[in-house]
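Visitor: Structure in structure tokens, see below.
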Amino acid sequence: MSDYKFTLNLPETEFPMRGNLANREPEMLERWTKDGLYQQIRDSRIGRTPFILHDGPPYANGSIHIGHSVNKILKDIIIKSKTMSGFDAPYVPGWDCHGLPIELKVEQKVGKPGQKISAAEFREECRKYAAEQVNGQREDFIRLGVLGDWQNPYLTMDFSTEANIVRSLSKVIESGHLHKGVKPVHWCTDCGSALAEAEVEYEDKTSPAIDVAFVAADSKAVAAKFGVSDYSHPVSMVIWTTTPWTLPANRALSLSPELDYSLVEFEKDGVTQALILAEVLVESCLTRYNVESHTVLGSAKGAAFELVRFNHPFLDFDVPAILGDHVTTDAGTGIVHTAPGHGQDDFVVGQKYGLEVANPVGDNGVYKPDTEYFAGQHVFKANDNVVALLREKSALLNHVAYRHSYPHCWRHKTPIIFRATPQWFISMDNHGLRTQALKEIEQTQWIPDWGQSRIEKMVENRPDWCISRQRTWGVPITLFVNRETEELHPDSVSLMERVACRIEQQGIQAWWDLDAAELLGDEAEQYRKVTDTLDVWFDSGSTFSSVVAARPEFHGHGVDLYLEGSDQHRGWFMSSLMISTAMNGKAPYKQVLTHGFTVDGKGRKMSKSIGNVIAPQTVTNKLGADILRLWVAATDYSGEMTVSDEILNRSADAYRRIRNTARFLLANLNGFEPAKDLVAVEDMVALDRWVVRRAAALQQEIIEAYEQYNFHIVTQKLMQFCSVELGSFYLDIIKDRQYTAKQEGHARRSCQSALYLISEAMVRWIAPILSFTADEVWQLLPGERDAYVFTQEWYQGLKSVTLATDLSDDYWQQLLTVRNEVNKVIEQARRDKRIGGSLEAEVTLFADAALTEQLTHIGDELRFVLLTSEAKVLPLADATSEAVETELASLKLVVASSTAEKCERCWHHREEVGTIEAHPTLCTRCVTNIEGDGEVRLFA
């Protein structure tokens, strides 16, 4: 064999079998950075149609987690695939840099502003801390293979962005959407600040649930409304609440106007009294009050009690009964304790009736000094004291511990309160913002489509947006308010532009350093500067304007796509929609795509306490970023995304199949020069033309899946192609031709040409997902080429050519099925030790007329398809008793060990081996390939 070994075309490549990704990827990243890869991509797309994916900014605090990785990888896949489709698709990453979490971190280090450090110095410390966090997160994102303008990202704390945020606010004001009001807002007593809807999480909490009696100021008159005359016992309305601490702020009792209410009399502890309860809740209420027998004295609609007065249970005033649409009979008594300073519904109905918006609670959650009974007590600690006082006043009918879902601060994880404070709001209904936003939602494509109904419900129900915060580190609300009238300065918009110009040069500190007289002159004494800062959701929500509209690489093009986790319907998607609609009357995006949260193999959230956290840094250091990227792409992101060590190991297995395919392709392109060796598709061997045709069809399916953001379909189709059409069929069949045919002959060059075309296409298919591996493949592909695959477009060399004489795709599919059946029988013969390898086998196929016609069409080349030394086709009726039935009714098989000698070069067993004098150990085909013009292949 030593004489003939060098006549074989053995595969050879520098592409290693093992990826060693954890070590090799950082080396590639260095080259990408050194070569300015991102700028090369930008230069390659000058003048092309833009596609703008706007990066929702992660918060600049802490290390990135697996959810961050999912988000950034999905964005990167889209950017790279859009670039492959010819778009100019810049990616400018961003960070959200203001707000409380950073303040808290800096406070731990230097103390609170105004104590050991000035507010100005505190802001500078916050800026430094945020910059450090950005640098750490940036390195982790780059390690994932995400390409972008990492050296010039947008930060909401950039002076230019801060200035543009102020300009965005001025446009909202100019459009008439801003107003100031005393309204109940979510308030965190730990933060000492209002919270946005998106900063509120709901967790279970145990609260005291109490039923409280409000005795009528005139019981006889109230009883009369039920048709009971001259009633002599006390009549009370009963409320049910889980926030006893709000009772000092009670200013009314709300009833539903069309609901039926009963007057129920009973005796307890020797005292006769009558209670007013919703008719449908009488039984459940009296059970709670341990009332064994009662009499219903009458019934009346809620509307009958409008403005009837009832005594507060422990304060020296009475309150009216009022009517509200928010009253339900889901729980409680059908009568709602109404404190306009502590609830949104309460506030709305209170405005209708002109009720006082009482707020006896300070910023820190402690009752103010003038609060009767409870001054100086924290509201949650005061609950027990309120209950005790009600019991003392004989107003408490029931008291139990009640477990329910309750709003918590997303940062402190502590319960929050509703508290009326003077704040700045974007009105949802003045100038039709809510209505227009709902119209814009309809014009936007939501992926998955359930996102539309989700955000619609949120917009329909959301209150006015409180955009002011009482914080130090944030973009200031740069307004001047008249000290007497509380009205905005009439030139607010132009003044804000002048302030924005200063911020552009000096940052937000310019506002606090500003002497009002510099802008207002003699008017300065009439006005005061607003010291509130903007909700950070306004910062990020205005970046479509403050960043996208401002940066040159976006060419003034609107945003095509927002892509974030599903929690952002109420977060960034919402804030961006509101600001854009308020500013421009339209949504800031055309498409909105959401992905699910990551959970472990048991469906649980990632939690340090559970110990199921999978850090992306650990994955890249152990398996490599391409494995993580493949997991992201292969997972249907429309629901929860399950990840575990086992799942990532499965991704690594899938990766190896793709890598092995790429290695086979490269190894068999050794010595192939496309410029001189490429065989035209129409001149190829039929099997080669078929596989190119299959690849061309697959490419269209892959491109379509990329365009629809169905990356799991891309990976499914890629794996199917690598495993079935290539791995189990085509690549197996061509090995013989590739290794043994004449090196320069048509049979081999046809095969190599097909492999080359597939390689050129496949390296592009995988580039958006397996970016590092694609680059590795690209560097080793033969032929002249640009430095990087990422500047390319989808390969145009895949021609779907079908000649008149060609065999159909169905034919090759049938042949694949037959081959699988043959393999089963050969495998059994191998287990029975009747043969060794498949080339020791002679197979006889007993087939019906239709299948016989197909199998004999390719003549002697059938044996190459079946990987046997001989293949005979005989009529099914002639099947011998030893013939094995197959899953095809039209086919039976007999496998026998060949009696012919084995060719030393190709290992086929052929009758002529030993008959050729010059080459006694070779078959005729090998002699032709060594000394002649090379064998001729038509089909396989």
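Count begins at 1; order follows the chain as displayed.
Each Cβ is built from the backbone N, Cα and C atoms, and glycine gets one as well.
Remember, it's a predicted structure, so these values are computed and weren't measured experimentally.
Feature table excerpt (Swiss-Prot):
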- GLU564: L-isoleucyl-5'-AMP binding site (BINDING)
- LYS608: ATP binding site (BINDING)
- CYS903, CYS906, CYS923, CYS926: Zn(2+) binding site (BINDING)
- 58-68: motif ''HIGH' region' (MOTIF)
- 605-609: motif ''KMSKS' region' (MOTIF)
Visitor: For CYS903, CYS906, CYS923, CYS926, listed as binding-site residues, tell me which one has the smallest number of other Cβ atoms within 10 Å.
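Guide: If we count Cβ atoms within 10 Å for the binding-site residues CYS903, CYS906, CYS923, CYS926, the smallest count is at CYS906.
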Visitor: Which residue counts does DSSP yield for the motif ''HIGH' region' (58-68) in the helix, strand and coil classes, in that order?
Guide: 3 helix, 1 strand, 7 coil
Visitor: Residues with Cβ closer than 8 Å to the Cβ of GLU564 (L-isoleucyl-5'-AMP binding site), same chain and 6+ apart in sequence?
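Guide: Looking at Cβ-Cβ distances below 8 Å from GLU564 (L-isoleucyl-5'-AMP binding site), excluding near sequence neighbours, one finds GLY56, ASN71, GLY571, TRP572, PHE573, THR594, HIS595.
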Visitor: What is the pLDDT of the motif ''KMSKS' region' (605-609) when averaged and given as a whole number?
Guide: 79
Visitor: Once the DSSP letters are reduced so that anything not helix or strand counts as coil, what is GLU564 (L-isoleucyl-5'-AMP binding site)?
Guide: strand
Visitor: Which numbers of helix, strand and coil residues does DSSP report for the motif ''KMSKS' region' (605-609)?
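Guide: Per-class counts: 0 helix, 1 strand, 4 coil.
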Visitor: C-alpha of CYS903 (Zn(2+) binding site) to C-alpha of the residue listed as 'ATP binding site': distance in Å?
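Guide: Here the two Cα atoms are 64 Å apart.
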Visitor: For Zn(2+), what surrounds CYS903, CYS906, CYS923, CYS926 with a Cβ no more than 8 Å from their Cβ centroid?
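Guide: My list of surrounding residues reads THR740, GLU904, ARG905, TRP907, HIS908, ARG910, VAL913, LEU922, THR924, ARG925, VAL927.
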Visitor: Between the Cα atoms of CYS926 (Zn(2+) binding site) and the residue listed as 'ATP binding site', find the distance and write it as a whole number of Å.
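Guide: About 65 Å separates the two Cα atoms.
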Visitor: Between CYS923 (Zn(2+) binding site) and LYS608 (ATP binding site), how many Å separate their Cα atoms?
Guide: 67
Visitor: Helix, strand or coil by DSSP: which one applies to CYS926 (Zn(2+) binding site)?
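Guide: SS state of CYS926 (Zn(2+) binding site) = helix.
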